[in-house]
Amino acid sequence: MLARYLFQHTVEKMYASREDIGYDFGDDSKVGSKPIKPNPNIDGGWAWMIVFSSFLVHILIMGSQMALGILNMEWLEEFNQSRGLTAWVSSLSMGITLIVGPFIGLFISMCGCRMTAIIGGILNALGWILSAYASNVHYLFLTFGVTAGIGSGMVYLPAVVMVGQYFHKRRALAQGLSTTGTGFGAFLMTALLKYLCTEFGWRNAMFIQGAISLNLCVCGALMRPLSAKDLRDKSVVRSDSADNRAKALSHSTETIKSNGVLGEEPEKKEEAANEEVLESVQHTEAGGNSRSGRSLHGLRILKTVSQLTLTVRKGFALWYSSYFGAASLFTNRVFVAFIIWALFAYSSFVIPFIHLPEIVKQYNLSSQDNVFPLTSIIAIVHIFGKVILGIISDLPCISTWNVFLMANFTLVTCILTLPLMQTYVGLAVVCALIGFSSGYFSLMPVVTEDLVGTKHLANAYGIIICANGISALFGPPFAGWIYDITQKYDFSFYIAGLLYMVGIIFLLIQPCIQKKQPRQKSTEEAQV
């Protein structure tokens, strides 16, 4: 218990000293004896601008990715490659966006959410624009799949993190409002890309979409960090003496050393080098003519490099201890089953968005689909599904876990029955059910918190999102590969549905096992 208290106290001190990147990691409200005024930007004020920014990010990133089925058809006609190979372009972009989440945390630790999001917006737009000049599918792998995918991840994660920082009492409401941008985005971007491809061709459409994606930089600029001017309680921490800060940093490095990240001695040597450089620069500036301008310039460069190196080391240490210091999560069997479920579940939601436009074309339903696309039906009903399932799960007499399982059963049933529908009305009904049942995404943070607790929620949810990214990465190419073999999409949905059912069965089995284990233990103790 003493070690845990020292670790938490040290981390709070270390986080408080990192106000330069605008993060509010720790809760230092108990530090000092001065009364702390509530920040008007928490749960109000600029916090709603953060929600608006996150809403736009979901429209421009997640919405655009859900509309990639339009471009997938254009790529098939342009490059005459197999459906399995062509689907890798879309799946790489969607999968990498989620998979790189834990690694983007390293950038956030070093330079903050705002700068990370702005850089990501530039990368995303660059990926779209360069893809307009693609000469083959493999070129799109690099420009659109990797470049745009990494850029999307660098904007998506800060958008989610900033909403969590600015809201405490209304966090669920704020996250729910911001994530509805996915549904709106899928509806708007599907119509926009279809219009642009028809009027200007897919290459010009991607160029225009790249220009639109530059608005992600504006969204990143709106992510104003919670600095010392915004938070009164941080001024108390900053008023501590330099000795206290040094002690906090020393304790933090000792904690990191126990996790095998950094040793205590290298960190002290780094700080000593920084102090020597600072003293040298100050002495040089005081002496004036005692040294040449070239020497002064060299010392300033050395000072900058030294500070940058220390910042990178600190950021890496925080990132490593955050994501890789939670190995105890994998001792929770239900959480492991949850990861297995996530590896199969998300692909069943993504596959229809990528391959439905071509299925509609094969069934000669393009005229009806042009009036109201099936993917737009999924997107619109998905918004209502999130809200309604969230309201139902909040009822005192209903278990969130049961709502989550029922929504999964509904979704897997729709995936298995979709190939049986060959009329527009039948496909529209199934797509509406897919959109509604997939609203369980809004319940995933709640279910994750119930499994691992609030303390490990951030790490656990990051792992689940990463597993979803892997599912999105391999799902669409697998469906296309099955079509290349059988010349039908039916088996693609059947196999995806069966794998999804396996994941659900894992969720059902593990809670039963955990309920039996305590009873067996108590029986053994009674015999002893």
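Glycine residues also receive a Cβ, built from the backbone N, Cα and C atoms like all the rest.
Unlike curated entries, TrEMBL annotations are predicted automatically.
These numbers come from a predicted model, not from an experiment.
If you look up TrEMBL, you'll see 281-293 marked as compositional bias 'Polar residues'.
Annotation source TrEMBL lists domain 'Major facilitator superfamily (MFS) profile' at 50-515.
The region 'Disordered' feature in TrEMBL is assigned to 259-293.
Per TrEMBL, the feature transmembrane segment maps to 46-68 (among others).
According to TrEMBL, the transmembrane segment annotation covers 88-108 (among others). For the transmembrane segment (88-108), the residues of the chain that approach it from at least six positions outside its boundaries are 21, 23, 61, 65, 68-69, 71-72, 75, 116, 119-120, 127, 137, 140-141, 144-146, 148-150, 152-154, 156-158, 161, 315-316, 319, 322-323, 350, 354, 462-463, 465-466, 468-477, judged by C-beta separation under 8 angstroms.
Positions annotated as transmembrane segment by TrEMBL: 115-133 (among others).
What TrEMBL lists as transmembrane segment is 139-161 (among others).
The feature transmembrane segment is assigned by TrEMBL to 173-193 (among others). Residues of the same chain lying 6 or more positions beyond the ends of the transmembrane segment (173-193) and with a Cβ under 8 Å from any Cβ of it are 47, 50-51, 54-64, 66-67, 69-71, 159-160, 163-164, 166-167, 205, 209, 353, 373, 375-376, 378-380, 382-383, 386-387, 390, 435, 441-442, 445.
Residues of the same chain lying 6 or more positions beyond the ends of the transmembrane segment (205-223) and with a Cβ under 8 Å from any Cβ of it are 49-50, 52-54, 56-57, 60-61, 64, 71, 113-118, 120-122, 124-129, 131-132, 144, 151, 155, 158-159, 162, 192-193, 196-197. Among the features that TrEMBL reports, transmembrane segment is placed at 205-223 (among others).
For 334-354 (among others), the entry in TrEMBL reads transmembrane segment.
Look at TrEMBL and you will find 374-392 (among others) tagged as transmembrane segment.
Among residues of the same chain six or more beyond the transmembrane segment (399-418), those with a C-beta under 8 A of the stretch's C-beta atoms are 341, 345, 348-349, 351-352, 385, 389, 392-393, 427, 430-431, 433-434, 436-440, 443-444, 446-447, 450, 493-494, 496-498, 500-501, 504, 507-508. Marked as transmembrane segment by TrEMBL: 399-418 (among others).
Residues or ranges marked as transmembrane segment by TrEMBL: 424-447 (among others).
If you look up TrEMBL, you'll see 459-479 (among others) marked as transmembrane segment.
Residues annotated as transmembrane segment in TrEMBL: 491-509 (among others). Within the chain carrying the transmembrane segment (491-509), a Cβ under 8 angstroms from the stretch's Cβ atoms is held by residues 334, 337-338, 340-345, 347-348, 351, 355, 405, 408-409, 411-412, 415-416, 418-419, 475, 478-480, 482-483, all 6 or more beyond its ends.
Stretch with the largest number of CB pairs closer than 8 A to the transmembrane segment (46-68), among 115-133, 139-161, 374-392, 424-447: 139-161. Within its own chain, the transmembrane segment (139-161) is flanked in space by residues 53-54, 57-58, 61-62, 65, 75, 88-89, 91-101, 104-105, 107-108, 113-114, 116-117, 119-128, 130-131, 175, 178, 206, 216, 219-220, 223, which lie at least six positions past its ends and keep a Cβ under 8 Å from the stretch.
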